[in-house]
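So the structure is just underneath, and the comments pick up after that.
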Amino acid sequence: MAZZLTDEQIAEFKEAFSLFDKDGDGCITTKELGTVMRSLGQNPTEAELQDMINEVDADGNGTIDFPEFLNLMARKMKDTDSEEELKEAFRVFDKDQNGFISAAELRHVMTNLGEKLTDEEVDEMIREADVDGDGQINYEEFVKVMMAK
């Protein structure tokens, strides 16, 4: 499954994995998964977190290692119900629910994920996605960026 990923995607997922793997031991625990999900405004129960881990925990050790994480991401990318996932992701970024992601909202979510970005980097991310040039990202622009990955 993970064989279909490009080197660039694998590098991106490695970076995402390290955001989850707070103590850097190469495994994501339910506690670490919960921390990241809560920073994104989600509030999963302990049982839901365990289910998420069990879903991809191939060796049954109760944690997710990087190869298991890659398989999960490869599966998610193939998933046909990605429309709903994109809407959900957009809602996470669009804090005030006005239908647009502003630079401030993007910075807020990225900071919660542990990404320390300069104002220039945030502005650059907005510019890359902002097709109509209004300084913020609407849903269509967001989908284009996410699908291009």
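Cβ atoms here come from the backbone N, Cα and C positions, even for glycine.
Swiss-Prot lists ASP94, ASP96, ASN98 as Ca(2+) 3-binding residues, and of the candidates GLU85, GLU105 the one it assigns to that same site is GLU105. Of LYS78, LYS116, the one with N6,N6,N6-trimethyllysine in Swiss-Prot is LYS116, while the others lack that note in the record, though it may still apply to them. Put simply, ASP25 is the one of the binding-site residues ASP23, ASP25, ASP94 whose Cα lies nearest to the Cα of ASN61 (Ca(2+) 2 binding site). Straight-line distance linking the Cα atoms of ASP21 (Ca(2+) 1 binding site) and ASP96 (Ca(2+) 3 binding site), rounded to a whole number, equals 29 Å. Sequence-ordered, the extra residues of this chain that approach the Ca(2+) 2 site, with Cβ no more than 8 Å from the Cβ center of ASP57, ASP59, ASN61, THR63, GLU68, are CYS27, ILE53, VAL56, ALA58, GLY60, GLY62, ILE64, ASP65.
Sequence-distant contacts of THR63 (Ca(2+) 2 binding site), defined by Cβ-Cβ distance under 8 angstroms and a gap of at least six in the same chain, are CYS27, ILE28, THR29, ILE53, ASP57. In the three-state DSSP scheme, THR63 (Ca(2+) 2 binding site) is classed as coil.
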